[in-house]
C-alpha cells in the first residue's frame, strides 16, 4: 500500500467519523428546527444537552480532513476549492452559524429575548451545511478537467455542482444526518414520551433517506451510475448497506434502541465507504487522482508518522470524552 | 474593488476577527486553572464561582474561535489555491500537528466546562491544564506555519516547477518561527490578562460583588502584567530577527528610506512613498541601529535599496508598528505601577482601576496592529521572495460578494457576542440581588 493511499484511507476514516458525530450534530439542528408538540422545549433541551459537550471535538474531524487534503493532495485541494468555491463558502456559513448558535442559546440568560430574538435564523441556516456538504461530495464525481494551457482546473465555477445529481446528494445527506440524529436521540432520551417522539422522527426520516437516495440514483449521470457498480466491492457493499438500513428500522420498530443505533451507524459508514469506493481512484473526477496529486514521499511519510503518534494521544482522549458524557448515568 | 483586493480584504478581516477569539481560547484557560487551583487549595467557594463565570465567557469565545478558525482553513484554498498548491505540503507538518493539538484542546475543554460533576476534582483541574497546554501548542504550530511565509526554508523546487523535495521539520523550525511564537504567545496572555482585568476593574468601580471581583482582578492583572513586562524582551528578539531576515520589512516599519550607519529610531511621522521620505517624525539618533543589530554604528538597510514593486505599503506598516509599540509601552507602564502596588501590598486606588479600564483594549489593539505589521510588511509577497500574492489568488470571479457576506456574518456574530457577554456578566451579578427562587424567572427584567 502506497503512502498516499494510506493517507486517503485516514481521510476516509475522518469523513466517516465526521458524518457519524458532526453530521448527527447538524441533524440535531434539523430536529431543533422542527421541534413541535407538547414536549417542544424538552426536545430542544435534550438536543442541546446531547450535543454541547462534544460539538467542538466532533467538528475537528472536518478540519483534519481538510488539512490532510491540502497537505497531501495540494493540487486537488486547489482545484476543488476553486471550482466549488460557492458551495464550500455556504457550508462555512452554516458551520459558523450552527457552532455559535449552540453557545449563544445555551449561555444567554434571557433565552433569546430582546436583542437576540433573531436567534432562530441560526437554526434555519444550519440546514445549509448538510446540503452543501452533500453537494460538494456529489460534485466530486464529475467535471474536474485540467486546463492544459494553465495546468489549473478548467471550470466555470457553477457547472460542477449546480446540477441535479449533486443537489440530490445534498438533500440525501440532510435526510441521512437527520435520521442519524433522531436514532441517537432515541437512545439519549430518558423520558419515555420523549423517546417515542424521536422514534417517530427516526422512522419518518428513514423514509426520507430512502426517497432521496432513489431520487439521487435516478438523476445520476451515467458515469456516476457506472462508478457505483463497477468495483467488485460494489455489490457486497450495497447489500450490506441495505441490510443495515433494514435492521435499523427493525430495531426502531421493536424498540431495540441499541441495535437501531448500531445499525444506523453501520448504514451511514457503509454509505460513505460506498461513495469512496465509487470515487476511487479519483479525488475529483476525472482530472485529479489520488496518486496523480499526491505530495512527494518526503511529505507523506512524516505526516503518516505524525498521524500515528497523534492518534495514540487522540483516541484515548476522545474515548474518555465520550465515556464521561455519553455513558448512561446510574439513576 | 479588484478580485485581488477583495480576497486580501476577506483574508485580513477573517484573520483579524479570528485572532480576537483565538487569544481568549489560549489565555483564559490559564486564568481558569489558577482560580480552580485556588478553589481546590483554599476550599473557598468564591474561586469556584470565578472559575465557573470565566468558563462561561470562555465557552462563548472558544466556540466562535473554533468556527472562525475552520473558515480560515478553508479560505486558504478558497482565496489562495495557488499558494496552497505550492505551500500546503511544505507547511503541512505544523498544520497537521495543530489539528491534533486543537483536537485535544476541544476534548479537554468539553470536560473542563461541562464535566465538573462527572469527574474527580483532580481530573477536572488536569483537564484545564491540558486545555492550556494544547491551546498554546496549537497556536505555536500555526505561528510556525505563518513564520514560514516570512522565512521560507526546507524545500527544493519552486511554485512554477513544483515542489520536488521537502524537509518538513526544517520548514516548521524556519528561522522566524522561534521569535514569532515567543512574541505572539506572550502577547496573547498579556492582552487577555489586561482585557479581563479591565472588566473586573469596571465592576469594582460600580461597587458590585467586591469579594468576587477583587480576586478576579488580582489573577487577571498578575497574568497580564507579567507577560506585558516580558514583551520588550520578546519584541527585541523579533526585531533583531526581522532586521536580519527581512530587512525590507524592518525598513518599512521604521519608514527608513536610505541605507545608513548609526540609523535613528523614528517616533510618529508619515512616510511619503512618492517622495521616498518620512515627514514629521521625531528621530532618536543611533537607536534603530542599536535595536536592530545591537550596535549603534551598525548599518541599517533602507527602502531605496529595493525596487518599488517589491516594497510593502510603507505608511500602513509604519503606522501599525507605531500603534503596536505605543500600546505595548503603555501596558508596560500600567503593569509596572501595578507591580509597585502589589509589592507594597497596597489596595488598588480608584484612579488605578480607571486606568485599568482604559487600558483594557490596548493589548488587543497591539495584537491587531502587530499582525498588520507582519502581514502587510511582507507584501507584495505571500511567501517572501518566492511567490507573489497576486499570483496566488483564486481565478474565481466576483470575490467582493463573499467578502461582503463574511464581513456581514462576522459583524453579526461580533455584536451577538458583545450583547451576550454583557448579559452573562451582568446577569450573574444581578442574581445575588433578587430572591434565590426568582433568579431565573426575573431574567427578563435584567437591564441590557
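Cβ coordinates are placed from backbone N, Cα and C, and glycine is handled just like the others.
Residues or ranges marked as transmembrane segment in TrEMBL: B:15-38 (among others).
Under the heading transmembrane segment, TrEMBL lists B:59-80 (among others). Within its own chain, the transmembrane segment (B:59-80) is flanked in space by residues 7, 10-11, 14-15, 17-18, 21-22, 24-25, 28, 95, 102, 106, 109, 113, 382, 392-394, 396, 399, 402, 406, 410, 413, 417, 420-421, 424, which lie at least six positions past its ends and keep a Cβ under 8 Å from the stretch.
According to TrEMBL, the feature transmembrane segment maps to B:86-113 (among others).
The transmembrane segment annotation in TrEMBL covers B:125-149 (among others). Residues 22, 25-26, 29-30, 32-33, 36-37, 40, 87, 90-91, 94-95, 97-98, 101-102, 104-105, 108-109, 111-112, 115, 119, 171-177, 180-181, 184-185, 188, 374, 378, 382-384 of the same chain lie 6+ residues outside the transmembrane segment (B:125-149) yet bring a C-beta within less than 8 angstroms of a C-beta in it.
Sequence annotations record features per position, and here TrEMBL assigns transmembrane segment to B:181-204 (among others).
What TrEMBL records for B:216-234 (among others) is transmembrane segment.
According to TrEMBL, the feature transmembrane segment maps to B:319-343 (among others).
TrEMBL lists B:355-373 (among others) with the feature transmembrane segment.
The transmembrane segment annotation in TrEMBL covers B:399-421 (among others).
The listed stretches are B:319-343, B:355-373, B:399-421; of these, B:355-373 has the most Cβ pairs under 8 Å to the transmembrane segment (B:181-204). For the transmembrane segment (B:216-234), the partner stretch with the highest count of Cβ pairs under 8 angstroms, out of B:15-38, B:86-113, B:319-343, B:355-373, is B:319-343. Outside the transmembrane segment (B:355-373), and at least 6 residues removed from its termini, the chain residues within Cβ reach (under 8 Å) are 15-16, 19-20, 23, 183-184, 187-188, 190-195, 197-199, 201-202, 205, 217, 221, 224, 228, 249, 253, 316-317, 320-321, 323-324, 327-328, 330-331, 334, 337.
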